[in-house]
Every structure is written in C-alpha cells, then in structure tokens.
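Reading through the structure tokens given below for one structure.
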Amino acid sequence: MTSNQTDCHYCLQSLRGRKYALREENAYCVTCYDSLFANPCEECKQPIECDSKDLAYKGRHWHERCFKCSKCSRSLVEKPFAAKDELLLCTECYSDEYSSKCFHCQKTIMPGSRKMEFKGSSWHESCFVCQYCRQPLGTKPLITKDNENYCVPCFEKHFAHHCYSCKKVITSGGVTYHDQPWHKECFVCAGCKTQLSGQKFISKDEYPYCVDCFSKLYAKKCASCKKPITALGGAKFISFEERQWHGECFNCAKCSVSLVGQGFLTRQDDVLCHECGCA
C-alpha cells in the first residue's frame, strides 16, 4: 500500500496499528470518523461511535443501550414496539395507554392484531361472532338485539316475526292486525287487494276491507238515499223495523224536517212528522 492509502483521509495521520473505519472507500481514524459522521443518539444526545451499534428508526438514531421504552425503560432491542408522539413504547405500555378495549371481553386489542369496528366500538376478530352459532361475523350482514350481534339466519330463526299472510320474515316495519304481524305490502283489502297500511279500513270476519269494498259487500243501504251506511268516523244512523237511515237522511217524507230524536209516524214506506202524519 502507498503511504496515502494507510493514512486517515481527513487528518492524514498514519493508520498503521490503529483502528479505522471505511466510508465511501476512504479510511478514517476513529476520532475523525466519529467527529465527521457519527449520529447523535436521540436519548443521551451523545454521538454513536463507530465501534457502537447504531439503531435507527425513521431517520432517528439510538445507542443500543439507549433504545428502550420511554415509559417502563425496558430494552426494545429485537422486540416489537410502537411509536406515539415521537416516543417509543413497548407493546404492553402502548396497549395500556392507547389501544382499544374489546367491547365483548373488555381486554386490550394488541397492536398488530386484527380489529373489527362496529357502531363506534372495537372488537377482537375472535369476539365478533354471532351470539347463537358463534360463527365469525366479519363483514357479513348482521342484526343487533339487546347489545348482542346475530347473523341474519340466526336472528330470523329466533327473533323475527313472520307475516301472517305470506309466512315470510318481516325484517323491518310491518303492521299489526288482530295481534298478528303483517308485511305492509301483504296487509291488503280482502276484496280489491289494495294496500291498507295507513288507510281507513273496516274489519269483517277477521278480514280487513277498504271502505269502498266493505260498503259494496256488507254495508246496509240508507232507506232514503240508497247509499251505504258505514258509520265510519262515528257517523250517526237510525234503525227502525229492519230499515236504516243516515242521520241526515232521516227526515219527514213530506216537509223534510229532521226526525232525529223526534216522534214520527209511518205510512207505507214513508216516515212522517206528527203534523204531516195527522194532516
């Protein structure tokens, strides 16, 4: 070797019999190398000499002895760790301070493990299961009842109402009629099949009818105007000898005065007030 190849590249002192370090194929004595290239330790702020192990993480450097949890001070060398606000933490300390708790078992969800999120709560993947069949729910459709989660088949089997008409499961909404559940689309007039949800209807022999169908099929006819008497909304009607009248139609056949609450006389099919009946 020539003389310049055995000298420090910076201070030019001989390296014969001395420790040295190489950088970009140039040799440096330890003192020059440390002063020129050694990284400062994040913990103790001292340079990390060339004969010390330099541990780096995201552009920062530590001595091996300084690479430890900022809370419990345990060494993090060759151990899993997490960073929070530029602080290094062992997984136990990080979990105690920042990790979510499982909604089901209330235990910490450790960093690196799979976490399920549902309705603002966190779950271990192994805890996020159907309450009945215990199968993982993952991203499957589910239904919640009393803070417990169920897959759709189990919920339908154990809790869901079945439509009185079509016998299928009612998943939302529905109508109750005679203490029985119905789909809105199944709750229809027994006559014309028009949907009755939110509409006025009349019950006959446990079947619902719209007002028009009930009137056509079952309602009595007014002896005066011949229109059906449905009595919807509390409308008054008068009945006499198997004949019925709307309250507003029960009038004297001759002078048209109202006979509601009044005495009256009959002549063939007519009803008359006393004055007209005696005339």
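Even glycines carry a Cβ here, placed using N, Cα and C.
Taken verbatim from TrEMBL:
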{"type": "DOMAIN", "residues": "39-99", "note": "domain 'LIM zinc-binding'"}
{"type": "DOMAIN", "residues": "100-161", "note": "domain 'LIM zinc-binding'"}
{"type": "DOMAIN", "residues": "220-279", "note": "domain 'LIM zinc-binding'"}
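Residue counts for the domain 'LIM zinc-binding' (100-161) under DSSP, split into helix (H, G, I), strand (E, B) and coil, are 7 helix, 21 strand, 34 coil. Taken as a whole, the domain 'LIM zinc-binding' (100-161) shows an average pLDDT of 84 in this prediction.
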